[in-house]
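Noted in Swiss-Prot for the protein shown:
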ACT_SITE  HIS224  active site
BINDING   LYS107, VAL108, ASP128, GLN133, ARG136, ARG442, LYS446, LYS515  GTP binding site
BINDING   ASN110, VAL147, ARG324, ARG343, LYS345, ASN349, HIS367, LYS368, LYS515  dGTP 2 binding site
BINDING   GLN140, ARG155, HIS201, HIS206, LYS303, TYR306, ASP310, ARG357, GLN366  dCTP binding site
BINDING   GLN140, ARG155, HIS201, HIS206, LYS303, TYR306, ASP310, ARG357, GLN366  dATP binding site
BINDING   GLN140, LEU141, ARG155, LYS303, TYR306, ASP310, ARG357, TYR365, GLN366  dGTP 1 binding site
BINDING   GLN140, ARG155, HIS201, HIS206, LYS303, TYR306, ASP310, GLN366  dTTP binding site
BINDING   HIS158, HIS197, ASP198, ASP302  Mn(2+) binding site
COMPBIAS  1-13  compositional bias 'Low complexity'
DOMAIN    37-102  domain 'SAM'
DOMAIN    155-307  domain 'HD'
REGION    1-33  region 'Disordered'
Amino acid sequence: MGSPAAGWGAAPAKRARREGSAESSCGSPADRDPRLWDTERLCQHLSRNGVGEPGLLRRFRESGVTGAMLLDLPACALRITHACLPDERLKVLACLNQLRQTADIMKVFNDPVHGHIEIHPLLVRIIDTPQFQRLRYIKQLGGTYFVFPGASHNRFEHSLGVGYLAGCLVRELKERQPELDITQRDILCVEIAGLCHDLGHGPFSHMFDGRFIPLARQGLNWKHETASVEMFEHLITSNKLEEIMESYGLILEEDIAFIKEQIGGPIDETACEESWPYRGRPKEKSFLYEIVANKKNGIDVDKWDYFARDCHHLGIQNNFDYRRLIKFTRVCEAGNQKHICARDKEVGNLYDMFHTRNCLHRRAYQHKVGNIIEIMITEAFQKADCFFQIEGSKGKLYHISTAMEDMEAYTKLTDNIYLEILHSSRPELSEAREILHKIERRELYKFLGETQPEKVNEIPKDEYDGLAGDIANSKPEKDPPDVELTAEDFIVDVVNMDYGMKDQNPIDNVLFYCKADPSKAIKISKEQVSRLLPGTFSEQVIRVYCKRQDPIIVSAAKQYFVQWCIKRDFTKPQDGDVVAPHLTPLKQSWNNRSKTEYTTASEPSCKQKLSFNK
């Protein structure tokens, strides 16, 4: 899975600077590799792992043991035997042996986004399982790959990146604030949660849980995070990893609960009403739950990796610097809990983060062509669903829409099902196969246009299903086209875009600290940052497509769409004046601009005549 970590003979590097350091976000090589530690650094490690009695540490210093000596544990043990008291030796040797195991077989992966990253051997054991390797066959961005040819990356490499960044952040906090009592167990559990947080994704990632399951299993409240927790349990038990986890110092019941809670939230939903709903870690370590999946404000290492990775593969500029933010984070207490806070001067960087998220959704994730391809794949999967059988545990058979009920069956469900349908010769799959052939030939459903409702007119989710029929009933009365269309001819895709917290400003939920008093958590209002920041943080875009290919029918469908926009008091489609010039004058609000607003720039006084108001 990678090459062994750097050689034992490397010279010790300078200790990483703290806040504002230009070093790697995970510290210098000397910080990361115990084999490069001096005696004092080993003493710090012993102290942070419960072996910190002053007399013991004094005697350990006298032994002169360094990290390089961990390779020869018998010789190391001999020095400790001479220096330490009998009841101290076992505790010291157990702690150092665990450290030696970690240092001995750390693996290095060459990641295109983060560079050379070190992965703990327990994480490597998790990676080398069928359940994790499955992520190699699930596209990170689903149907977006059909539009952006560089977006061929998968959930596998994203998961490696999240596990790595989770370790970077928690180690930085441990180094900066020893009083937090972050242990090696905590670090390992956070890394595992980051690594395994996406185990439950289905074919084409969010297309499966966002489009297919809501249609195939209507009324089922299912999330991929739920499947991630179940798949993690299945991974551990089916590969018999309990013993190896214990050998690295994990306490199974407590730590597995902690890992699952980081991925999917509190295990017991009824416990959410309690003051502290989590079981894996006490309230004193509440900040650990904000690293992998931050439910409070959405700032977490999952986003940091997919921003960087998706931008890299899409060819889109990433303006958010997660490395800098890691250097300016610390834990402060607020509301009787400890939270991860950012330095006050980083508020602009965080707005850049959410702006990057919005740009990615606009330009890539919600691309009109990528979305209609996912809709067509979803249709194909629906038509193939009842004819596909996937064997699960005890020989029981499942369909595409039910495979997530059994993790053995779900392990076999990947993007490959697209090719199985495409290349099948089974007559019962002919309808599904034909839809996929249309995608391959680029015979996509025709885009008619998009419109935006005002905030007060936004369409609620329970009305989505009736929109196609509403458009079909909107045949223009003035010069109507000689074509009758039905609801089956239209596809309506309602896209809700925001900064991650619907219509709220996510920065309102972020805590900061200032240089003058780094222990105090504060909030920063939008007005304190800039007057150029957005006034609203969400909007709804309605896109309409026609399933028919005939140009005459498509032209008529566009007129239906324009008439529907007039009826619903939505914004004018961008090409509304072209596709329905006889309809757009009927809408007063679409034609309230004076002629002077269209004066060309070559005419006199154009600067005074131009208006930029909507």
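Backbone N, Cα and C atoms are what each Cβ position is placed from, and that goes for glycine too.
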Binding-site residues considered: LYS107, HIS158, LYS345; fewest surrounding Cβ atoms within 10 Å belongs to LYS345
Could you measure between HIS201 (dCTP binding site) and TYR306 (dGTP 1 binding site) for me? Cα positions, answer in whole angstrom.
15
What three-state class does DSSP give ASN110 (dGTP 2 binding site)?
strand
What's the CA to CA span in angstrom from ARG357 (dGTP 1 binding site) over to LYS303 (dCTP binding site)?
9
Do me a favour and check the Cα-Cα span between GLN140 (dCTP binding site) and TYR306 (dGTP 1 binding site); whole Å is fine.
9
Let me know the largest Cα to Cα distance in Å among the dGTP 2-binding residues ASN110, VAL147, ARG324, ARG343, LYS345, ASN349, HIS367, LYS368, LYS515, as an integer.
46
Across the domain 'SAM' (37-102) the predicted model averages a pLDDT of 80
What is the three-state DSSP composition of the domain 'SAM' (37-102), stated as helix, strand and coil residue counts?
53 helix, 0 strand, 13 coil
Starting from the Cβ centroid of HIS158, HIS197, ASP198, ASP302, which together make up the recorded Mn(2+) site, report each further residue of the same chain whose Cβ lies within 8 Å of that point, ordered by sequence.
ARG155, SER159, VAL162, GLY194, ASP305, TYR306
GLN133 (GTP binding site) to LYS303 (dCTP binding site), Cα to Cα, whole Å, comes out at 22
